[in-house]
Amino acid sequence: MAERAALEELVRLQGERVRGLKQQKASAEQIEEEVAKLLKLKAQLGPDEGKQKFVLKTPKGTRDYSPRQMAVREKVFDVIISCFKRHGAEVIDTPVFELKETLTGKYGEDSKLIYDLKDQGGELLSLRYDLTVPFARYLAMNKLTNIKRYHIAKVYRRDNPAMTRGRYREFYQCDFDIAGQFDPMIPDAECLEIMCEILRSLQIGDFLVKVNDRRILDGMFAICGVPDSKFRTICSSVDKLDKVSWEEVKNEMVGEKGLAPEVADHIGDYVQQHGGISLVEQLLQDPELSQNKQALEGLGDLKLLFEYLTLFGIADKISFDLSLARGLDYYTGVIYEAVLLQTPVQAGEEPLGVGSVAAGGRYDGLVGMFDPKGRKVPCVGLSIGVERIFSIVEQRLEATEEKVRTTETQVLVASAQKKLLEERLKLVSELWNAGIKAELLYKKNPKLLNQLQYCEEAGIPLVAIIGEQELKDGVIKLRSVASREEVDVPREDLVEEIKRRTSQPLCIC
């Protein structure tokens, strides 16, 4: 290593000598001689295998967000948060990493996607995989038995990213959960109502919410002859039916997971059915399924759920789908997933397959896993797939070339003549202190045309123009950027006039 370092230093010095000779316009022979020496030294150094060219990029499965993208993202978040608050939810936050033990054994086959942090001699830690398990840990740790909460934060999965479809390794989840002992299906129905409210408000296209119950699935597996030990792994196979054909799922069950072909066929008779409350009533009369206690409980609850959904006016958006399995281990009752029926295709848009845009379910046993005495706190919740929603909204904006405001500035403080920087600074300070969102250009003597142009580009609706005459008259010229109309406003009335003119909520897309 020392020899290499010495050689590198000689190469550096010889390189400087060659550059110096070129600057001094030395003779070609002398420069050639010194270049030959440099090449000889470099040859002794050999190829530097240790050094690789550094590529400036974000890690796989992650991305940066431009101001335009963040403006869209904030609007989506505003819609979601206002809905959560409308339904009386409080907000919490938890650490971005948890003890590895907290996350272990909660996600079934998906556990392999958890990011483990390097052991540095302290606690063994992992990045959170979702917001549900940390929420259950929070409830058990704080001995809470009753809360309605929402939580919006980033989670991490070592998944195969498909970024065009809104699948990342680092992404936001927007969760809403109701914890507590309540009468059956009332909180569950509200969760589905919230899901529908948000998807309607975001206007991303027509959607359908698939509903099932883990007890119906487990009962179905039992009567079909699936061994208890294979329930979860077969559940994981069934969950793929929205992506691949029944034949492929059956081949996986039989070929990879060792299920008898006739058992797989029996499962196939059930999981390919979907419908509404009439299917629930039909299965309640099923000679085999109606004999299974778990399945019967699940079907009874689903019937009640459909009654409440009808009262909420959303039953037409819900489909009872026996293939919905939701691979996560912690679900114990009703499960649901919202999918877009078709991605809206407008002029210039490519069809975008984004899969599910919201999901959730009931998990009554998860909190008990963390409680020293195993005390259970029934929970039900939902998660909005915001990254997939962003993909749809962004693509639509690109196709329509719709202008997106990236700031909320209400007024630009401008001057019509030179040497008015002090007056502009005084006025902008007055506006800031009055709660007005205001800007000024960072030049002593900007041209009025440049200031007006800046407003056009940034979407700023008003310009407060100061001139020598306005200062004498004690007024400010207020200009509407859109209509180009100008009025003189007494300085003491300026704040109220700006507020009056910009009282409409600012739209960012």
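Using N, Cα and C of the backbone, Cβ positions are placed for all residues, glycine too.
These numbers come from a predicted model, not from an experiment.
Taken verbatim from TrEMBL:
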DOMAIN    3-59  domain 'WHEP-TRS'
DOMAIN    37-393  domain 'Aminoacyl-transfer RNA synthetases class-II family profile'
BINDING   D130, L131, T132, R157, Q173, D177, R326, Y330, Y331  L-histidine binding site
Among T132, Q173, the most crowded of the binding-site residues [Cβ within 10 Å]: T132
Secondary structure composition of the domain 'WHEP-TRS' (3-59) [DSSP: H/G/I, E/B, coil]: 39 helix, 0 strand, 18 coil
For the binding-site residues D130, R326, Y331, the one whose C-beta sees the most other C-beta atoms within 10 angstroms: Y331
Most distant Cα pair in Å, residues D130, L131, T132, R157, Q173, D177, R326, Y330, Y331 binding L-histidine: 21
